[in-house]
Amino acid sequence: MAHRCYPPLPSPPTFDFTCIAAAAKPCFGGLDKYPYSTFSQYFIKKYRSNRRTPLFRAHYVLCELLGSPVLPVLSKSGDITIGGAFSVYTQTPKSSSSLTETPEPLICTRISFREFRFAQTMIFAIEEINNSSSLLPNISVGYKIFDSCGSTLPSTRAAMGLINGQERTFGKSCSGQSTVHAIIGASKSSSTIVLSQIAGIFQIPVISHFSTCACLSNRKEHPSFFRTIPSDYYQSRALAQLVKHFGWTWVGAVRSDNDYGNNGMATFIEAATQEGICVEYSEAISWTSLDEQVERVVRVIKTGTAKVIVAFLGYDEMDILLEEALRQNITGLQWVGSESWITSSNLALRKYSGILTGSIGFAIKKAKIAGLQEFLLQVHPSQDPQNHILREFWEETFGCSFQPSLQGVKQCSGSERLRDIKNPFTDVSELRISNNVYKAVYAVAHAMHSMLKCGEKSEAIAKHIQDVNFSLQSGEKVYFDERGDPAATYQLVNWQKNSAGDPVFVTVGSYDASLPDGKQFTIKEMNLTWFGESKQVSRPISVCSESCFPGFRQAVIKGKPICCFSCIACAAGEISNSTNSAECSPCPLEYWSNEDHNKCVPKVIEFLSYEETMGALLAAFSLFGASLTLVVSFVFFWFRHTPLVKASNSELSFLLLLSLTLCFLCALTFIGQPTDWSCMLRHVAFGITFALCISCILTKTITVVIAFTAKRPANTVPQCSVSLQRMGVLGGTFLQVLVCVVWLTLAPPFPYKNTVYAAERIILECNLGSSIGFWVVLGYIGLLAMLCLILAFLARKLPDNFNEAKFITFSMLIFSAVWVTFIPAYVSSPGKFTVAVEIFAILASSFGLLFCIFAPKCYILILKPERNTKNHMMGRNQGLAARAMELSTLSTGWLACEGSQPTECALKPTWTNTNGAHLALLAGKHLTKKLPE
C-alpha cells in the first residue's frame with residue numbers, strides 16, 4: 001500500500017515474552033505447571049527490579065505457549081491493529097480450590113449481551129475510521145478482541161495474547177513484534193490492572209472504558225494507562241455528597257471484593273466521614289463467592305438499622321446480591337448505586353425492578369451514536385462462520401442451536417432477526433459505557449494520526465494519546481489530564497416507572513468535579529421517586545439517632561459512632577439555631593438565650609425602679625420619713641417659746657430636723673435608672689446630709705458635756721457660744737464636702753452594666769469610681785458618730801430632766817448598729833438589693849435619730865404639756881434648781897457680752913436666747929454642785 005502523505009508505518013515494539021518462559025525452564029523446573037498469572041507476576045516483579053534486562057532474544061531453548069487453551073477472539077487485520085479486552089463471557093461456576101493441587105481451569109459459560117455490545121461498538125468505531133477520509137486516510141485499522149471473562153486469570157491470558165500472539169515458536173529465535181498498537185479494555189478494574197501492568201512494560205497504552213478504580217491514576221504504577229470514564233476518586237466523593245444532601249447519616253455499605261469495590265468504598269467511607277456520615281457495616285462479596293457468604297451479607301443488611309444501602313458493586317455482584325435479597329424478602333430499603341449497575345438494563349428488566357425502584361446513583365453521561373443501532377442489528381454469524389462467539393451469541397439470543405443433535409432445543413435457521421429482540425445488546429437508549437468505548441477508539445486513532453504525521457516510532461503513541469484533544473460528531477470533547485483521566489462529570493439517575501410500569505432511568509441531577517466547591521452538585525428533588533412499589537411522598541430517613549432540634553446539641557454516646565448521639569439541651573446563655581448542632585454557641589455579652597435556647601435576646605436590664613414593689617415601698621418610707629420630720633419641725637416651731645424647746649437648743653434642733661429631712665429624701669436618689677448625674681448625686685447627697693446631721697448632734701453633745709464639766713462658769717459659756725456651735729456644724733460638714741469634691745474630681749461614680757454577678761441579666765448599677773472615696777465618706781460619718789457616742793456616754797449621769805445625752809446615746813447606738821451591719825450586707829447583696837440595703841440603712845438610721853431624739857420631746861409637748869414648765873424642768877431637787885436658775889441669770893449676762901472678758905460684759909437679767917437659757921440651767925446645776933456653800 002502506498003503512503004503518500006505519511007512516512008512508512010512504524011512497526012509495533014519488538015520484544016520477546018513467551019520465550020522467556022522457555023528460557024527460564026532450566027532454572028525453574030516445572031514452571032509450566034504453574035498458572036499463567038503466577039509466572040506473569042514473577043516476571044513483572046523481576047523486570048521492575050532490573051530494568052536493564054534486555055527483552056529481545058532467548059538464547060537457549062525453543063519457545064512454547066504455557067497455560068490454558070486458546071481464548072476466542074474477534075479479529076480483523078489492518079495496517080494498524082487495536083486490541084480489545086471485554087468480558088464477553090461471564091458467570092464462572094463457583095468452586096473451592098486447594099493450595100495443594102493445581103486449580104481447575106476457569107470456565108466462562110454465558111454471553112454478556114452488554115459486554116458483547118461494547119465489543120461491537122469498538123468494531124463499529126473502527127469501521128467508521130476506516131471509512132473516514134480525514135482521519136488516518138489510506139490506512140486500514142484492524143482489531144483483535146479477546147475475552148477477559150471478568151477475571152484476572154483470563155485477563156492475564158488475554159494480555160499475553162494481545163501482546164505476543166498465540167502462535168507457538170519453533171525457530172531458534174523467539175523475538176517478535178507486538179500484535180497490537182493499543183488496547184481498549186477491560187471492563188473491570190481488577191482485570192484492567194493486570195492488563196495495564198503487563199502492557200505498560202512494553203509501552204503499549206491501555207484505554208479503559210469502564211475501569212474506575214482510583215489506583216489506576218497512579219502514573220508510577222501505570223505509566224501508559226488512560227480511560228474515558230471518570231475515576232472513582234470523584235464518584236465516591238459525589239456519592240458522599242449525595243448521601244449528605246438527603247440527610248442520611250446512617251448507611252450500610254456493600255462492595256465488590258476486588259480493586260474496584262475495595263478502593264471505591266474506601267474512598268467513599270473517607271469522604272463520608274468528613275461529611276459526618278457513619279457507615280453501620282461494610283460488607284464485601286464477589287461474583288465467585290459461595291452461597292453461604294452471600295446469605296451472611298444479606299442477613300447483615302436485613303438485621304441492620306440503616307435504611308439506605310450504598311452498593312459499590314459490579315453488575316455481576318449486584319445480580320447475586322439481589323437474588324438472595326429477593327429470596328429473604330428484603331424490602332423497604334433505599335439503594336444508592338455506583339455507575340457499574342445503576343443503569344444496567346439487565347437488572348431493570350428482571351424481577352429485581354420492584355426492589356430497585358427509587359434507586360439513585362451517579363451514571364456516565366448518556367449519549368447517542370449515530371448509526372450504531374443499525375450496525376448492531378446487522379450482526380450475524382455469517383459474518384465470520386468460523387467464529388464461535390458469534391454463533392454462541394446467536395444461540396443464546398434466540399434460544400436455539402446450530403447443532404441439530406441437541407434434543408429439546410430448536411435449530412437456528414440463521415433467518416432470525418435481531419430487530420425483533422429486545423435485550424441489552426439491541427437496546428441503545430442508554431448508551432453510556434458504549435460511548436466510552438467509542439471515544440477510546442477515536443482517541444487511539446487521533447493519537448496514531450498525530451504520531452504518523454510526526455514520523456515517530458510506535459513507542460511514542462502513549463505521549464500522543466496524552467495530548468489528544470478533539471470533539472466527536474456529537475460535539476463532546478475528548479481529552480485526558482496528567483493522570484490519564486477524563487473530565488469527571490456524572491448524571492444523577494433515579495429509577496422510576498413509566499405509565500406501563502416498566503423501569504426507566506430518569507436524570508434528576510448532575511455532578512461536575514471541575515466546578516468550584518458548592519456548585520459541583522445539582523439536583524431536582526421534585527422529580528424524585530423513592531423506594532418501594534408506590535411513589536413515596538417524602539424522602540426516607542436513615543439516621544442512628546433522631547435529629548436534635550434547635551436549642552439542643554448532640555452528645556456522642558460512648559462506644560458508638562458519632563452519628564449515634566443523645567440530645568442535650570443547651571445550657572443557660574447558649575443557643576443552637578440549627579438542627580443537629582454539634583455545639584451550643586454562647587450568646588454575646590449583653591444577650592441571653594430565650595426559653596427555647598434557639599435565639600439570643602437582649603438581657604433584661606435590672607435596677608431598683610419605682611414601678612416594682614420594693615422600690616415603691618422604699619420610696620414611700622422615704623417620703624413618710626421626710627413628712628414626719630416636717631411635722632416634728634412644725635411642732636417644735638409651734639412650741640418654740642416653751643421651756644422644753646428652749647432647753648433643747650432650738651437652733652441646733654431645727655438644723656438637725658432639716659438635715660434629717662434631707663437624709664430621708666436622699667434615699668430617693670438611689671431609686672430609678674442610674675445616670676451619670678444620679679450616680680454622683682446619690683453618694684454625695686448621702687455623705688453630706690449625714691455629715692450635717694451627725695455634726696449637729698455632735699455639737700449638741702459637746703455643748704452639754706462642756707457645760708457640765710467646766711470648773712469655772714466663766715470658762716463655760718464662751719466655749720459653748722452660738723457662733724462656735726455654728727462653726728462646729730459647718731466645720732464637720734465642710735470636711736465631708738471637701739472629701740466629696742475630691743472624689744468627684746478624681747474618680748466620680750458612673751453607671752455600670754454589671755454582667756458578672758448575674759449572667760442572665762444586666763444589673764445597671766452605679767460604679768463607685770473610687771472605692772476609697774466611698775469608704776472615706778462612710779468612714780468619716782462613722783468617725784463623727786463614734787465621737788458623738790463617746791461624748792454622750794460621758795454625759796449619761798445628768799439629771800433626768802436635763803439629760804438629753806442619754807437619748808443621743810440611744811440614737812447613736814442605733815445608728816452605729818445599722819451601719820455596722822450595713823457593711824457586710826452591702827458587700828454580699830446581689831444586684832439591685834445592694835441599693836435596697838443602702839436605702840434601708842439610710843432610712844433606718846434616719847428614723848432612729850428622729851425617734852430617739854425628738855419623740856420624747858414631742859410626747860411632752862403634745863401629750864404632757866404640764867411637764868413643759870420651768871419648775872418641772874428644774875427637777876426634784878428644788879434647792880439645786882434654784883441655785884441653777886440664779887446662775888442662769890449670770891449665764892444670760894455672759895451671752896450678752898460683747899468683749900472677751902467677763903468684766904467687759906453688761907449683765908442682763910433676762911434670758912435673751914434659748915441657747916443661753918439652756919446653758920444657764922446646765923451651768924447653774926453644775927455650779928451648785930461644784931461651788932462651796
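Here the Cβ of each residue, glycine as well, is placed from N, Cα and C on the backbone.
Note that TrEMBL annotation is computational and uncurated.
Here the transmembrane segment (614-639) has Cβ contacts under 8 Å with residues 608, 645, 650, 653-654, 657-658, 660-661, 664-665, 667-668, 671-672, 832, 836, 839-840, 843, 846-847, 850, 854, 857-858, 861-862, 868 of the same chain, all six or more residues outside its ends. For 614-639 (among others), the entry in TrEMBL reads transmembrane segment.
Positions annotated as domain 'G-protein coupled receptors family 3 profile' by TrEMBL: 614-877.
Here the transmembrane segment (651-672) has long-range neighbours at 607-610, 615, 618-619, 621-623, 625-626, 629-630, 632-633, 636-637, 645, 678, 681-682, 685-686, 689-690, 692-693, 696-697, 699-700, 703, 722, 725, 729, 835, 838-839, 842-843, 845-846, 849-850, 853-854, 914-915, meaning same-chain residues at least 6 beyond its ends whose C-beta is under 8 angstroms from one of its own. If you look up TrEMBL, you'll see 651-672 (among others) marked as transmembrane segment.
Long-range neighbours of the transmembrane segment (684-708) within the same chain, counting only residues 6 or more positions beyond its ends whose Cβ lies under 8 Å from a Cβ of the stretch, are 649, 652, 655-656, 659-660, 662-663, 666, 669, 716, 719-720, 725, 728-729, 731-733, 735-737, 739-740, 743-744, 777-778, 780-781, 784-785, 787-788, 791-792, 794-795, 798, 804-805, 808, 811-812, 815, 838, 842, 845-846, 849, 853, 918-919, 922-923, 925-926. Marked as transmembrane segment by TrEMBL: 684-708 (among others).
What TrEMBL records for 729-752 (among others) is transmembrane segment. Taking Cβ pairs closer than 8 Å, the transmembrane segment (729-752) reaches residues 652, 655, 674-676, 679-680, 682-684, 687-688, 691-692, 694-696, 698-699, 764-770, 773-774, 776-777, 780-781, 784 in its own chain, all 6 or more past its ends.
Residues annotated as transmembrane segment in TrEMBL: 772-795 (among others). Within the same chain, residues 683, 686-687, 690-691, 694-695, 697-698, 701-702, 704-705, 708, 732, 735-736, 739-740, 742-743, 746-747, 803, 805-806, 808-809, 812-813, 815-816, 819 sit at least 6 positions outside the transmembrane segment (772-795) and bring their C-beta atoms closer than 8 Å to a C-beta of that stretch.
Among the features that TrEMBL reports, transmembrane segment is placed at 807-827 (among others).
Among the features that TrEMBL reports, transmembrane segment is placed at 839-863 (among others). Counting same-chain residues at least six beyond the ends of the transmembrane segment (839-863), those with a Cβ under 8 angstroms from any Cβ of the stretch are 608, 618, 621-622, 625, 628-629, 632, 635-636, 639, 642, 644-645, 648, 653, 656-657, 660, 663-664, 666-667, 670-671, 686, 690, 693, 697, 804, 807-808, 810-811, 814-815, 818-819, 822, 825-826.
When pLDDT values are averaged over the domain 'G-protein coupled receptors family 3 profile' (614-877), the model yields 83. Cβ atoms under 8 Å from those of the transmembrane segment (807-827) belong to residues 694, 697, 700-701, 778, 781-782, 785-786, 788-789, 792-793, 796, 834, 837-838, 841, 844-845, 848-849, 852-853, 856 of the same chain, restricted to positions at least 6 beyond its ends.
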